[in-house]
Amino acid sequence: MEPQDPVKREGRLTPVIVLATLIAAFGSSFQYGYNVAAINSPSEFMKDFYNYTYYDRVGEYMNEFYLTLLWSVTVSMFPFGGFLGSLMVGPLVNNLGRKGTLLFNNIFSIVPALLMGFSELAKSFEMIIVARVLVGICAGLSSNVVPMYLGELAPKNWRGALGVVPQLFITIGILVAQIFGLRSLLANEEGWPILLGLTGIPAVLQLLFLPFFPESPRYLLIQKKDEAAAKSALRRLRGWHDVDAEIEEILEEDRAEKAVGFISVLKLFKMRSLRWQVISIIVLMAGQQLSGVNAIYYYADQIYLSAGVNEDDVQYVTAGTGAVNVLITVCAIFVVELMGRRFLLLLGFSVCFTACCVLTGALALQDVISWMPYVSIACVISYVIGHALGPSPIPALLVTEIFLQSSRPAAYMVAGTVHWLSNFTVGLVFPFIQVGLGAYSFVIFAVICLLTTVYIFLIIPETKSKTFIEINRIFIKMNKVPGVHPEKEELKEFPPSTARQ
(Lines of atoms letter the chains of each structure in order from A and count residues from 1; the text may use other names and numbers.)
(Lines give C-alpha, C1' and ligand atoms only; values in the text may rest on other atoms or scores of the structure.)
Protein backbone atom coordinates (compact mmCIF):
# COMPACT_ATOMS: atom_id res chain seq x y z
CA MET A 1 0.00 0.00 0.00
CA GLU A 2 1.15 3.55 -0.73
CA PRO A 3 1.14 4.68 2.94
CA GLN A 4 3.79 2.07 3.67
CA ASP A 5 6.25 3.71 1.27
CA PRO A 6 8.04 6.43 3.24
CA VAL A 7 9.77 7.89 0.20
CA LYS A 8 6.52 8.52 -1.66
CA ARG A 9 4.86 9.84 1.46
CA GLU A 10 7.69 12.24 2.18
CA GLY A 11 7.82 13.70 -1.31
CA ARG A 12 4.15 14.00 -2.11
CA LEU A 13 2.49 17.26 -3.07
CA THR A 14 -1.26 16.75 -2.73
CA PRO A 15 -3.92 18.85 -4.48
CA VAL A 16 -4.99 20.21 -1.08
CA ILE A 17 -1.50 21.57 -0.32
CA VAL A 18 -1.07 22.99 -3.83
CA LEU A 19 -4.46 24.73 -3.83
CA ALA A 20 -4.07 26.04 -0.25
CA THR A 21 -0.66 27.44 -1.23
CA LEU A 22 -1.96 29.13 -4.38
CA ILE A 23 -5.04 30.62 -2.69
CA ALA A 24 -3.09 31.90 0.33
CA ALA A 25 -0.31 33.36 -1.82
CA PHE A 26 -2.59 34.88 -4.48
CA GLY A 27 -5.06 36.27 -1.95
CA SER A 28 -2.38 37.83 0.27
CA SER A 29 1.20 37.95 -1.08
CA PHE A 30 0.05 39.05 -4.55
CA GLN A 31 -1.53 42.15 -3.03
CA TYR A 32 1.75 43.13 -1.38
CA GLY A 33 3.54 43.17 -4.72
CA TYR A 34 0.64 44.78 -6.55
CA ASN A 35 0.42 47.70 -4.13
CA VAL A 36 4.19 48.23 -4.20
CA ALA A 37 4.07 48.93 -7.94
CA ALA A 38 0.51 50.09 -8.69
CA ILE A 39 1.09 53.64 -7.46
CA ASN A 40 4.22 54.29 -9.57
CA SER A 41 2.87 54.52 -13.12
CA PRO A 42 -0.13 56.82 -12.50
CA SER A 43 1.73 59.11 -10.08
CA GLU A 44 1.51 62.21 -12.30
CA PHE A 45 -2.24 61.78 -12.82
CA MET A 46 -2.73 61.25 -9.09
CA LYS A 47 -0.75 64.40 -8.28
CA ASP A 48 -2.95 66.32 -10.71
CA PHE A 49 -5.99 64.91 -8.90
CA TYR A 50 -4.54 66.08 -5.57
CA ASN A 51 -3.99 69.55 -7.01
CA TYR A 52 -7.40 69.92 -8.67
CA THR A 53 -9.15 68.65 -5.54
CA TYR A 54 -7.27 71.19 -3.43
CA TYR A 55 -8.18 73.94 -5.93
CA ASP A 56 -11.87 73.04 -5.76
CA ARG A 57 -11.74 73.41 -1.97
CA VAL A 58 -9.70 76.58 -1.45
CA GLY A 59 -9.60 78.27 -4.85
CA GLU A 60 -5.85 77.96 -5.45
CA TYR A 61 -3.36 75.23 -6.39
CA MET A 62 -0.89 73.68 -3.95
CA ASN A 63 2.66 74.97 -3.99
CA GLU A 64 5.33 72.54 -5.15
CA PHE A 65 6.60 71.79 -1.64
CA TYR A 66 3.16 70.92 -0.25
CA LEU A 67 2.33 68.70 -3.24
CA THR A 68 5.65 66.86 -2.92
CA LEU A 69 5.12 66.44 0.81
CA LEU A 70 1.59 65.10 0.31
CA TRP A 71 2.79 62.63 -2.32
CA SER A 72 5.67 61.50 -0.09
CA VAL A 73 3.18 60.87 2.71
CA THR A 74 1.01 58.86 0.30
CA VAL A 75 3.93 56.66 -0.72
CA SER A 76 5.40 56.26 2.77
CA MET A 77 2.08 55.28 4.37
CA PHE A 78 2.42 51.84 2.77
CA PRO A 79 5.60 50.78 4.65
CA PHE A 80 4.26 52.52 7.77
CA GLY A 81 1.14 50.36 7.53
CA GLY A 82 3.39 47.35 6.95
CA PHE A 83 5.16 48.14 10.22
CA LEU A 84 1.81 48.32 12.05
CA GLY A 85 0.73 45.04 10.46
CA SER A 86 3.90 43.32 11.64
CA LEU A 87 3.14 44.34 15.22
CA MET A 88 -0.27 42.67 14.92
CA VAL A 89 1.07 39.28 13.77
CA GLY A 90 1.64 37.62 17.15
CA PRO A 91 -1.70 38.38 18.82
CA LEU A 92 -3.69 37.53 15.69
CA VAL A 93 -2.04 34.22 14.75
CA ASN A 94 -2.15 33.01 18.36
CA ASN A 95 -5.85 33.82 18.75
CA LEU A 96 -7.31 33.43 15.25
CA GLY A 97 -4.88 30.88 13.87
CA ARG A 98 -2.83 31.18 10.69
CA LYS A 99 -5.73 30.67 8.27
CA GLY A 100 -8.07 32.74 10.44
CA THR A 101 -5.62 35.66 10.38
CA LEU A 102 -5.38 35.52 6.59
CA LEU A 103 -9.17 35.63 6.34
CA PHE A 104 -9.39 38.52 8.81
CA ASN A 105 -6.63 40.33 6.91
CA ASN A 106 -8.85 40.66 3.84
CA ILE A 107 -10.63 43.51 5.63
CA PHE A 108 -7.41 45.51 5.14
CA SER A 109 -7.61 44.92 1.39
CA ILE A 110 -11.29 45.19 0.50
CA VAL A 111 -11.91 48.41 2.46
CA PRO A 112 -8.92 50.30 0.98
CA ALA A 113 -9.74 48.98 -2.50
CA LEU A 114 -13.14 50.66 -2.20
CA LEU A 115 -11.59 53.83 -0.76
CA MET A 116 -9.06 54.13 -3.59
CA GLY A 117 -11.52 53.10 -6.28
CA PHE A 118 -14.06 55.77 -5.29
CA SER A 119 -11.60 58.49 -4.19
CA GLU A 120 -11.89 60.46 -7.44
CA LEU A 121 -15.68 60.27 -7.37
CA ALA A 122 -15.66 61.50 -3.76
CA LYS A 123 -13.02 64.15 -4.59
CA SER A 124 -10.94 63.09 -1.58
CA PHE A 125 -7.21 62.43 -1.72
CA GLU A 126 -7.41 61.73 2.03
CA MET A 127 -9.20 58.48 1.14
CA ILE A 128 -6.12 57.39 -0.81
CA ILE A 129 -3.76 58.18 2.08
CA VAL A 130 -5.91 56.26 4.59
CA ALA A 131 -6.20 53.39 2.10
CA ARG A 132 -2.41 53.23 1.73
CA VAL A 133 -2.08 52.72 5.49
CA LEU A 134 -4.68 49.94 5.38
CA VAL A 135 -3.14 48.08 2.42
CA GLY A 136 0.20 48.47 4.20
CA ILE A 137 -1.27 46.70 7.24
CA CYS A 138 -2.53 43.99 4.87
CA ALA A 139 0.97 43.60 3.41
CA GLY A 140 2.60 43.63 6.85
CA LEU A 141 0.37 40.80 8.01
CA SER A 142 0.50 38.76 4.81
CA SER A 143 4.29 39.00 4.41
CA ASN A 144 4.63 37.28 7.79
CA VAL A 145 1.57 35.03 8.08
CA VAL A 146 1.61 33.41 4.62
CA PRO A 147 5.17 32.00 5.00
CA MET A 148 4.26 30.84 8.52
CA TYR A 149 1.06 29.14 7.34
CA LEU A 150 2.67 27.43 4.35
CA GLY A 151 5.74 26.41 6.35
CA GLU A 152 3.51 24.66 8.88
CA LEU A 153 1.37 22.96 6.20
CA ALA A 154 4.24 21.63 4.10
CA PRO A 155 6.07 18.31 4.53
CA LYS A 156 9.70 18.99 5.40
CA ASN A 157 11.07 18.07 1.97
CA TRP A 158 8.71 20.58 0.28
CA ARG A 159 8.96 23.32 2.91
CA GLY A 160 11.61 25.26 1.00
CA ALA A 161 9.81 25.21 -2.34
CA LEU A 162 6.46 26.19 -0.83
CA GLY A 163 8.22 28.80 1.31
CA VAL A 164 9.38 30.59 -1.86
CA VAL A 165 5.86 30.71 -3.36
CA PRO A 166 4.82 33.84 -1.38
CA GLN A 167 7.77 35.74 -2.85
CA LEU A 168 6.84 34.44 -6.31
CA PHE A 169 3.36 35.92 -5.94
CA ILE A 170 4.82 39.20 -4.68
CA THR A 171 6.84 39.41 -7.91
CA ILE A 172 3.79 38.42 -9.97
CA GLY A 173 1.83 41.17 -8.22
CA ILE A 174 4.53 43.69 -9.14
CA LEU A 175 4.54 42.51 -12.77
CA VAL A 176 0.73 42.61 -13.08
CA ALA A 177 0.71 46.15 -11.65
CA GLN A 178 3.42 47.15 -14.14
CA ILE A 179 1.41 45.70 -17.04
CA PHE A 180 -1.90 47.24 -15.94
CA GLY A 181 0.08 50.41 -15.28
CA LEU A 182 0.99 50.87 -18.93
CA ARG A 183 -0.32 54.19 -20.22
CA SER A 184 -2.31 52.39 -22.90
CA LEU A 185 -4.19 50.42 -20.22
CA LEU A 186 -4.94 51.98 -16.81
CA ALA A 187 -2.16 54.49 -16.08
CA ASN A 188 -4.14 57.37 -17.49
CA GLU A 189 -6.52 60.08 -16.31
CA GLU A 190 -9.60 57.86 -16.42
CA GLY A 191 -8.10 54.52 -15.42
CA TRP A 192 -5.94 55.12 -12.32
CA PRO A 193 -8.77 54.68 -9.74
CA ILE A 194 -9.56 51.29 -11.32
CA LEU A 195 -5.85 50.36 -11.23
CA LEU A 196 -5.72 51.05 -7.48
CA GLY A 197 -9.10 49.46 -6.74
CA LEU A 198 -8.29 46.12 -8.39
CA THR A 199 -6.33 45.09 -5.27
CA GLY A 200 -9.61 44.00 -3.66
CA ILE A 201 -10.28 41.19 -6.15
CA PRO A 202 -7.71 38.68 -4.76
CA ALA A 203 -9.04 39.35 -1.25
CA VAL A 204 -12.61 38.52 -2.28
CA LEU A 205 -11.44 35.29 -3.93
CA GLN A 206 -9.49 34.32 -0.82
CA LEU A 207 -12.54 34.97 1.37
CA LEU A 208 -14.57 32.66 -0.86
CA PHE A 209 -12.14 29.74 -1.16
CA LEU A 210 -9.65 29.65 1.74
CA PRO A 211 -12.29 28.57 4.34
CA PHE A 212 -12.46 25.19 2.57
CA PHE A 213 -8.80 24.42 3.37
CA PRO A 214 -7.21 23.20 6.63
CA GLU A 215 -5.82 25.31 9.45
CA SER A 216 -2.18 24.68 10.38
CA PRO A 217 -2.02 21.24 12.09
CA ARG A 218 0.73 22.56 14.38
CA TYR A 219 -1.51 25.38 15.55
CA LEU A 220 -4.42 22.99 16.12
CA LEU A 221 -2.36 20.49 18.11
CA ILE A 222 0.07 22.66 20.08
CA GLN A 223 -1.99 25.76 20.71
CA LYS A 224 -5.61 24.57 20.51
CA LYS A 225 -4.87 21.10 22.00
CA ASP A 226 -7.24 19.56 19.43
CA GLU A 227 -5.56 16.34 18.32
CA ALA A 228 -8.59 15.14 16.35
CA ALA A 229 -8.70 18.35 14.29
CA ALA A 230 -4.91 18.24 13.78
CA LYS A 231 -5.08 14.64 12.54
CA SER A 232 -7.98 15.49 10.22
CA ALA A 233 -6.03 18.44 8.78
CA LEU A 234 -2.89 16.33 8.29
CA ARG A 235 -4.84 13.56 6.57
CA ARG A 236 -6.28 16.04 4.09
CA LEU A 237 -2.88 17.64 3.52
CA ARG A 238 -0.86 14.43 3.17
CA GLY A 239 -3.46 12.36 1.32
CA TRP A 240 -3.22 9.27 3.57
CA HIS A 241 -4.77 8.09 6.81
CA ASP A 242 -1.74 7.18 8.94
CA VAL A 243 -0.30 10.47 10.22
CA ASP A 244 0.76 9.22 13.66
CA ALA A 245 4.49 9.70 12.98
CA GLU A 246 4.04 13.37 12.10
CA ILE A 247 1.69 13.91 15.04
CA GLU A 248 4.38 12.46 17.31
CA GLU A 249 7.01 14.81 15.81
CA ILE A 250 4.74 17.80 16.55
CA LEU A 251 4.12 16.51 20.08
CA GLU A 252 7.89 16.15 20.59
CA GLU A 253 8.25 19.84 19.74
CA ASP A 254 5.40 20.65 22.13
CA ARG A 255 6.99 18.66 24.99
CA ALA A 256 10.34 20.35 24.41
CA GLU A 257 8.77 23.79 24.82
CA LYS A 258 5.98 23.14 27.30
CA ALA A 259 7.81 24.58 30.30
CA VAL A 260 8.10 28.10 28.86
CA GLY A 261 4.69 28.56 27.26
CA PHE A 262 4.33 30.90 24.32
CA ILE A 263 7.05 33.49 23.98
CA SER A 264 6.55 37.24 23.69
CA VAL A 265 8.92 39.57 21.85
CA LEU A 266 10.41 40.62 25.19
CA LYS A 267 11.04 36.98 26.12
CA LEU A 268 12.50 36.38 22.66
CA PHE A 269 15.27 38.91 23.24
CA LYS A 270 15.88 37.63 26.77
CA MET A 271 16.42 33.95 26.02
CA ARG A 272 19.96 32.65 25.54
CA SER A 273 18.67 29.61 23.65
CA LEU A 274 17.31 31.90 20.90
CA ARG A 275 20.20 34.36 20.73
CA TRP A 276 21.65 33.43 17.33
CA GLN A 277 18.23 32.85 15.79
CA VAL A 278 17.12 36.38 16.71
CA ILE A 279 20.38 37.97 15.54
CA SER A 280 20.15 36.01 12.29
CA ILE A 281 16.63 37.13 11.36
CA ILE A 282 17.52 40.75 12.14
CA VAL A 283 20.63 40.57 9.92
CA LEU A 284 18.82 38.77 7.09
CA MET A 285 15.76 41.01 7.08
CA ALA A 286 17.83 44.19 7.32
CA GLY A 287 20.21 42.88 4.66
CA GLN A 288 17.30 42.03 2.38
CA GLN A 289 15.96 45.61 2.38
CA LEU A 290 19.16 47.62 2.94
CA SER A 291 20.98 45.82 0.13
CA GLY A 292 19.50 48.31 -2.32
CA VAL A 293 16.71 46.40 -4.06
CA ASN A 294 14.28 49.33 -3.90
CA ALA A 295 17.04 51.76 -4.89
CA ILE A 296 17.85 49.67 -7.96
CA TYR A 297 14.25 49.91 -9.13
CA TYR A 298 14.20 53.62 -8.24
CA TYR A 299 17.32 54.23 -10.37
CA ALA A 300 16.42 51.83 -13.20
CA ASP A 301 14.42 54.29 -15.32
CA GLN A 302 17.32 56.75 -15.37
CA ILE A 303 19.71 53.96 -16.33
CA TYR A 304 17.47 52.86 -19.21
CA LEU A 305 17.12 56.46 -20.45
CA SER A 306 20.89 56.99 -20.33
CA ALA A 307 21.33 53.87 -22.48
CA GLY A 308 19.17 55.44 -25.17
CA VAL A 309 15.83 53.79 -24.44
CA ASN A 310 13.00 56.01 -25.66
CA GLU A 311 11.13 57.65 -22.78
CA ASP A 312 7.82 56.15 -23.93
CA ASP A 313 9.40 52.68 -24.05
CA VAL A 314 10.90 52.73 -20.54
CA GLN A 315 7.61 51.42 -19.11
CA TYR A 316 7.93 48.30 -21.29
CA VAL A 317 11.56 47.72 -20.29
CA THR A 318 10.55 48.09 -16.63
CA ALA A 319 7.83 45.47 -17.12
CA GLY A 320 10.44 43.25 -18.78
CA THR A 321 12.63 43.57 -15.68
CA GLY A 322 9.60 42.55 -13.61
CA ALA A 323 9.17 39.49 -15.83
CA VAL A 324 12.82 38.51 -15.21
CA ASN A 325 12.15 38.82 -11.47
CA VAL A 326 9.19 36.42 -11.76
CA LEU A 327 11.14 33.94 -13.90
CA ILE A 328 14.11 33.74 -11.50
CA THR A 329 11.81 33.37 -8.49
CA VAL A 330 10.19 30.40 -10.26
CA CYS A 331 13.70 28.96 -10.67
CA ALA A 332 14.31 29.47 -6.93
CA ILE A 333 11.27 27.28 -6.16
CA PHE A 334 12.83 24.39 -8.05
CA VAL A 335 16.41 24.75 -6.79
CA VAL A 336 15.88 25.62 -3.10
CA GLU A 337 15.49 21.95 -2.13
CA LEU A 338 18.42 20.91 -4.34
CA MET A 339 20.98 23.58 -3.46
CA GLY A 340 19.70 24.57 -0.03
CA ARG A 341 18.83 27.87 1.62
CA ARG A 342 22.36 28.80 2.69
CA PHE A 343 23.82 28.38 -0.81
CA LEU A 344 21.11 30.51 -2.44
CA LEU A 345 21.59 33.26 0.15
CA LEU A 346 25.37 33.27 -0.38
CA LEU A 347 25.00 33.21 -4.17
CA GLY A 348 22.30 35.89 -4.22
CA PHE A 349 24.03 38.40 -1.95
CA SER A 350 27.36 37.80 -3.76
CA VAL A 351 25.74 38.57 -7.12
CA CYS A 352 24.13 41.71 -5.65
CA PHE A 353 27.49 42.81 -4.19
CA THR A 354 29.22 42.36 -7.55
CA ALA A 355 26.41 44.11 -9.44
CA CYS A 356 26.51 47.13 -7.08
CA CYS A 357 30.30 47.43 -7.45
CA VAL A 358 30.26 47.23 -11.25
CA LEU A 359 27.21 49.52 -11.46
CA THR A 360 29.06 52.16 -9.44
CA GLY A 361 31.93 52.11 -11.91
CA ALA A 362 29.62 52.08 -14.92
CA LEU A 363 27.61 55.08 -13.68
CA ALA A 364 30.80 57.00 -12.90
CA LEU A 365 32.22 56.35 -16.39
CA GLN A 366 29.09 56.52 -18.56
CA ASP A 367 29.83 60.10 -19.66
CA VAL A 368 33.36 59.06 -20.68
CA ILE A 369 32.85 55.64 -22.27
CA SER A 370 29.95 55.35 -24.72
CA TRP A 371 29.04 51.71 -24.03
CA MET A 372 28.95 52.01 -20.23
CA PRO A 373 25.16 52.57 -20.07
CA TYR A 374 24.72 49.05 -21.46
CA VAL A 375 26.92 47.73 -18.67
CA SER A 376 24.62 49.56 -16.25
CA ILE A 377 21.58 47.79 -17.72
CA ALA A 378 23.37 44.44 -17.39
CA CYS A 379 24.12 45.27 -13.74
CA VAL A 380 20.47 46.08 -13.03
CA ILE A 381 19.32 42.78 -14.55
CA SER A 382 22.09 40.86 -12.75
CA TYR A 383 21.12 42.46 -9.45
CA VAL A 384 17.45 41.56 -9.97
CA ILE A 385 18.44 37.95 -10.75
CA GLY A 386 20.70 37.71 -7.68
CA HIS A 387 18.13 39.19 -5.32
CA ALA A 388 15.34 36.96 -6.67
CA LEU A 389 17.45 33.83 -6.12
CA GLY A 390 18.12 34.27 -2.41
CA PRO A 391 17.77 37.59 -0.56
CA SER A 392 14.12 38.09 -1.58
CA PRO A 393 12.55 34.65 -0.91
CA ILE A 394 14.76 32.89 1.66
CA PRO A 395 14.74 35.08 4.83
CA ALA A 396 11.00 34.67 5.51
CA LEU A 397 11.34 30.92 4.93
CA LEU A 398 14.17 30.74 7.47
CA VAL A 399 12.09 32.50 10.12
CA THR A 400 9.64 29.60 9.94
CA GLU A 401 12.42 27.01 10.03
CA ILE A 402 14.77 28.24 12.77
CA PHE A 403 12.09 28.95 15.38
CA LEU A 404 9.80 26.46 17.09
CA GLN A 405 6.04 26.88 17.49
CA SER A 406 6.13 28.85 20.75
CA SER A 407 8.55 31.51 19.50
CA ARG A 408 7.56 31.67 15.81
CA PRO A 409 4.84 34.39 16.08
CA ALA A 410 7.12 36.68 18.12
CA ALA A 411 9.98 35.98 15.69
CA TYR A 412 7.81 37.02 12.76
CA MET A 413 6.88 40.22 14.61
CA VAL A 414 10.59 41.04 14.98
CA ALA A 415 11.39 40.04 11.40
CA GLY A 416 8.47 42.01 10.00
CA THR A 417 9.31 45.09 12.04
CA VAL A 418 12.92 45.05 10.80
CA HIS A 419 11.74 44.42 7.23
CA TRP A 420 9.31 47.34 7.12
CA LEU A 421 11.45 49.81 9.05
CA SER A 422 14.36 49.05 6.71
CA ASN A 423 12.05 49.42 3.71
CA PHE A 424 10.79 52.76 5.03
CA THR A 425 14.34 53.94 5.77
CA VAL A 426 15.59 53.23 2.24
CA GLY A 427 12.59 54.99 0.70
CA LEU A 428 13.11 58.01 2.93
CA VAL A 429 16.90 58.27 2.80
CA PHE A 430 17.91 57.08 -0.68
CA PRO A 431 16.80 60.22 -2.59
CA PHE A 432 19.09 62.28 -0.32
CA ILE A 433 21.94 59.77 -0.72
CA GLN A 434 21.48 59.95 -4.47
CA VAL A 435 21.75 63.74 -4.44
CA GLY A 436 24.80 63.67 -2.18
CA LEU A 437 26.76 60.73 -3.64
CA GLY A 438 25.38 60.39 -7.16
CA ALA A 439 26.93 57.40 -8.93
CA TYR A 440 28.63 56.30 -5.71
CA SER A 441 25.32 55.71 -3.88
CA PHE A 442 25.57 51.99 -4.58
CA VAL A 443 28.86 51.66 -2.68
CA ILE A 444 26.80 51.72 0.53
CA PHE A 445 24.61 48.88 -0.72
CA ALA A 446 27.66 46.91 -1.88
CA VAL A 447 29.12 47.10 1.64
CA ILE A 448 25.83 45.91 3.17
CA CYS A 449 25.66 43.00 0.69
CA LEU A 450 29.25 42.03 1.54
CA LEU A 451 28.71 42.17 5.31
CA THR A 452 25.51 40.12 5.03
CA THR A 453 27.31 37.53 2.87
CA VAL A 454 30.08 37.18 5.47
CA TYR A 455 27.52 36.75 8.26
CA ILE A 456 25.66 34.04 6.32
CA PHE A 457 28.92 32.21 5.56
CA LEU A 458 30.00 32.23 9.22
CA ILE A 459 26.70 31.74 11.05
CA ILE A 460 23.69 30.52 9.05
CA PRO A 461 23.39 26.69 8.97
CA GLU A 462 21.75 24.68 6.20
CA THR A 463 18.15 23.77 7.08
CA LYS A 464 17.20 21.80 3.96
CA SER A 465 15.17 18.60 4.62
CA LYS A 466 15.46 18.91 8.41
CA THR A 467 12.61 18.87 10.94
CA PHE A 468 12.10 21.90 13.15
CA ILE A 469 13.52 19.97 16.12
CA GLU A 470 16.64 18.95 14.14
CA ILE A 471 17.24 22.58 13.13
CA ASN A 472 16.74 23.67 16.73
CA ARG A 473 19.41 21.21 17.89
CA ILE A 474 21.92 22.92 15.58
CA PHE A 475 21.19 26.24 17.28
CA ILE A 476 21.37 24.65 20.74
CA LYS A 477 25.05 23.96 20.00
CA MET A 478 25.60 27.44 18.55
CA ASN A 479 23.98 29.09 21.58
CA LYS A 480 25.97 26.83 23.92
CA VAL A 481 22.94 25.87 26.00
CA PRO A 482 22.05 22.39 27.29
CA GLY A 483 18.49 22.18 25.91
CA VAL A 484 15.72 23.81 23.92
CA HIS A 485 14.85 26.42 26.56
CA PRO A 486 17.16 26.04 29.59
CA GLU A 487 16.41 29.46 31.03
CA LYS A 488 13.10 28.45 32.63
CA GLU A 489 14.04 30.05 35.94
CA GLU A 490 14.86 33.35 34.20
CA LEU A 491 11.43 33.41 32.56
CA LYS A 492 9.49 33.17 35.81
CA GLU A 493 9.75 36.95 36.16
CA PHE A 494 7.65 37.40 33.00
CA PRO A 495 3.85 37.27 33.15
CA PRO A 496 2.46 33.99 31.81
CA SER A 497 1.29 33.96 28.20
CA THR A 498 -2.39 33.58 27.46
CA ALA A 499 -1.81 32.40 23.92
CA ARG A 500 -2.79 28.81 24.70
CA GLN A 501 -6.21 29.65 25.98
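Cβ atoms here come from the backbone N, Cα and C positions, even for glycine.
These features come from Swiss-Prot:
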| type | residues | note |
| --- | --- | --- |
| BINDING | Y32, Q167, Q288, I296, Y297, Y298, H387, H419, W420 | D-fructose binding site |
| CARBOHYD | N51 | N-linked glycosylation site |
| MOD_RES | M1 | N-acetylmethionine |
| TOPO_DOM | 1-18 | topological domain 'Cytoplasmic' |
| TOPO_DOM | 40-68 | topological domain 'Extracellular' |
| TOPO_DOM | 92-98 | topological domain 'Cytoplasmic' |
| TOPO_DOM | 120-126 | topological domain 'Extracellular' |
| TOPO_DOM | 150-161 | topological domain 'Cytoplasmic' |
| TOPO_DOM | 183-192 | topological domain 'Extracellular' |
| TOPO_DOM | 214-277 | topological domain 'Cytoplasmic' |
| TOPO_DOM | 299-313 | topological domain 'Extracellular' |
| TOPO_DOM | 335-342 | topological domain 'Cytoplasmic' |
| TOPO_DOM | 364-371 | topological domain 'Extracellular' |
| TOPO_DOM | 395-412 | topological domain 'Cytoplasmic' |
| TOPO_DOM | 434-439 | topological domain 'Extracellular' |
| TRANSMEM | 19-39 | transmembrane segment |
| TRANSMEM | 69-91 | transmembrane segment |
| TRANSMEM | 99-119 | transmembrane segment |
| TRANSMEM | 127-149 | transmembrane segment |
| TRANSMEM | 162-182 | transmembrane segment |
| TRANSMEM | 193-213 | transmembrane segment |
| TRANSMEM | 278-298 | transmembrane segment |
| TRANSMEM | 314-334 | transmembrane segment |
| TRANSMEM | 343-363 | transmembrane segment |
| TRANSMEM | 372-394 | transmembrane segment |
| TRANSMEM | 413-433 | transmembrane segment |
| TRANSMEM | 440-460 | transmembrane segment |
Chain-internal residues, separated by at least six, CB under 8 A from Y32 (D-fructose binding site): C138, A139, S142, S143, I170, G173
Entry from the binding-site residues list Y297, W420 having the most other CB atoms no farther than 10 A: W420
Count of other CB atoms lying within 10 Å of the CB belonging to H387 (D-fructose binding site): 25
Seg_contact(the transmembrane segment (413-433), the transmembrane segment (343-363)) with at least 3 CB pairs under 8 angstroms, min sep 6: no
For the transmembrane segment (69-91): best-contacting stretch of 19-39, 127-149, 162-182, by Cβ pairs under 8 Å: 127-149
For H387 (D-fructose binding site), the three-state class that DSSP assigns: helix
Whole-number Å value for how far N51 (N-linked glycosylation site) lies from Y297 (D-fructose binding site) (Cα to Cα): 27
Mean of the pLDDT scores, which run from 0 to 100, over the topological domain 'Extracellular' (364-371): 80
